[in-house]
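Chemist: Got a structure for you, questions after.
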Amino acid sequence: MISSVLPTYNRAPLAFVKGAGSWLETADGTRYLDLGAGIAVNALGHAAPVLVEALTEQAHKVWHVSNLYQIPEQQKLADALVEKTFADTVFFTNSGTEACELAVKMARKYWYEKGAPERVEIITFRGAFHGRSSAAIAAAGSEKMVKGFGPVLPGFVHVDWLDLEAVKAAVSEKTCAIMLEPVQGEGGIRPAPDAFLTALKQISDETGTLLIFDEVQCGMGRTGRLFAHEWSGVTPDIMMVAKGIGGGFPLGAVLATEAAAAGMTAGTHGSTYGGNPLGCAVGAKVMEIVAEPEFLAAVNAKGGFLRQRLEGLVAAHPEIFEEVRGVGLMLGLKCRLAPGELVAAGYAERLLTVAAADNVLRILPALTITEEEMAEAVSRLDAAATALETHLA
Ligand SMILES: Cc1ncc(COP(=O)(O)O)c(C=O)c1O
């Protein structure tokens, strides 16, 4: 008999009843050290007091009013995002998938308004993940994502990750945009080198093709810059944001330049809940904290510390691990066995990690994790790896 919750997830037999910072607790009081942060969502840790305060303060005022009216909290967050990024304008969503939907619509509308309605094709990359809507699965294009969900939304051209020649060959008079994650997350923590992003920008400049960055997972301070693309100096025309921006409250956004957003006039897009006062009050507080240079410098320092410890772990367990990948606190351990085995061995050590494609174990802690907690996490990973080695022997 089907479970009352649609069984689309492979859930671990774990239920958490409360959390604080980098720790989660089950009903019997067992504490788990969380290196997943809700898959890069709880940027400031669980139940961060500043966010609890921002949320409850807003909850006492007004929860929902509809975008029929001005929403000051939305305005505040949009202003902060515009001030700190390449963008001139922001649309708020409730998730990364919805941000993907709008990014696709916006790019196509841009060309339609420019009198080139045939420019609808978006070049995307194998290993990408942009969400689970019809557009997002078509964008990713893998058989695993689209099988059985046809007809697949047309207009996406897929090329291999980091294959510049394939991108050049794919660009045509029908190309509308190139869309990518500056650091692929679900695909296995695979950063795009600066030179690759620079080359894409050049193609974009030469052909007018819009550049869309999906920073749903790698944005909001995760890599040690407010947005990951800042490392390369290459700015997109459109950017998708979600996860960390709400610190655990469902919130997403599409940021764009004025030119790229030109087609999105009144009535062309909307969302009942997108940009609601609760989400934006929390988002504004997250932004206030994460955008501070000292906070981002601390993420970098933590990333360096954790990476060094993880390199030691790889050296100590060459049969289990191959290498460390990633940027800042968006790290991955390439494994020699299925990463799911490490995730399970981690549970036995009261440690939470997340598997990704390409045999990678994702390490995406709260950006507020301490050095002691990182050291403790690595020692638990060490124990998990040792347990697996014993099993292998
Ligand atoms: C890069 C990227 N884009 C889009 C999404 C979809 O976001 P959501 O699950 O909030 O719809 C995700 C989610 O994992 C993601 O990692």
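Every residue gets a Cβ built from N, Cα and C, even glycine.
So TrEMBL lists these for the protein:
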BINDING   GLY96, THR97, PHE129, ASP214, GLU215, VAL216, GLN217, THR272  pyridoxal 5'-phosphate binding site
BINDING   ARG132, SER271  N(2)-acetyl-L-ornithine binding site
MOD_RES   LYS243  N6-(pyridoxal phosphate)lysine
Chemist: Of all the binding-site residues given, THR97, GLN217, SER271, THR272, which has the fewest Cβ neighbours within 10 Å once its own Cβ is left out?
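Modeler: Counting other Cβ atoms within 10 Å of each of the binding-site residues THR97, GLN217, SER271, THR272, the minimum falls on THR272.
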Chemist: Round to the nearest Å and give the CA-to-CA distance linking GLY96 (pyridoxal 5'-phosphate binding site) with LYS243 (N6-(pyridoxal phosphate)lysine).
Modeler: 7
Chemist: Test of understanding: give the count of other CB atoms lying within 10 angstroms of the CB of LYS243 (N6-(pyridoxal phosphate)lysine).
Modeler: 28
Chemist: Return the members of THR97, GLU215, GLN217, SER271, THR272 (the binding-site residues) with CB less than 6 angstroms from at least one atom of ligand 1, or none.
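Modeler: Listed by sequence, the hits are THR97, GLN217.
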Chemist: Using a Cβ cut-off under 8 Å and a sequence separation of 6 or more, which residues in the same chain sit near ARG132 (N(2)-acetyl-L-ornithine binding site)?
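Modeler: Within the chain, ARG132 (N(2)-acetyl-L-ornithine binding site) has Cβ neighbours under 8 Å at THR97, MET145.
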Chemist: Does DSSP put VAL216 (pyridoxal 5'-phosphate binding site) in a helix, in a strand, or in coil?
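Modeler: DSSP assigns VAL216 (pyridoxal 5'-phosphate binding site) to coil.
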Chemist: 10 Å Cβ neighbour count around GLU215 (pyridoxal 5'-phosphate binding site)?
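Modeler: For GLU215 (pyridoxal 5'-phosphate binding site), the 10 Å Cβ neighbour count is 31.
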Chemist: In the three-state scheme derived from DSSP, which category covers the residue listed as 'N6-(pyridoxal phosphate)lysine'?
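Modeler: DSSP call for the residue listed as 'N6-(pyridoxal phosphate)lysine': helix.
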Chemist: Per 10 Å Cβ neighbour count, which of the binding-site residues GLY96, PHE129, ASP214, VAL216 ranks highest?
Modeler: ASP214
Chemist: Whole number in angstrom, please: the longest C-alpha to C-alpha distance across GLY96, THR97, PHE129, ASP214, GLU215, VAL216, GLN217, THR272 for pyridoxal 5'-phosphate.
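Modeler: Comparing all Cα pairs, the maximum is 25 Å.
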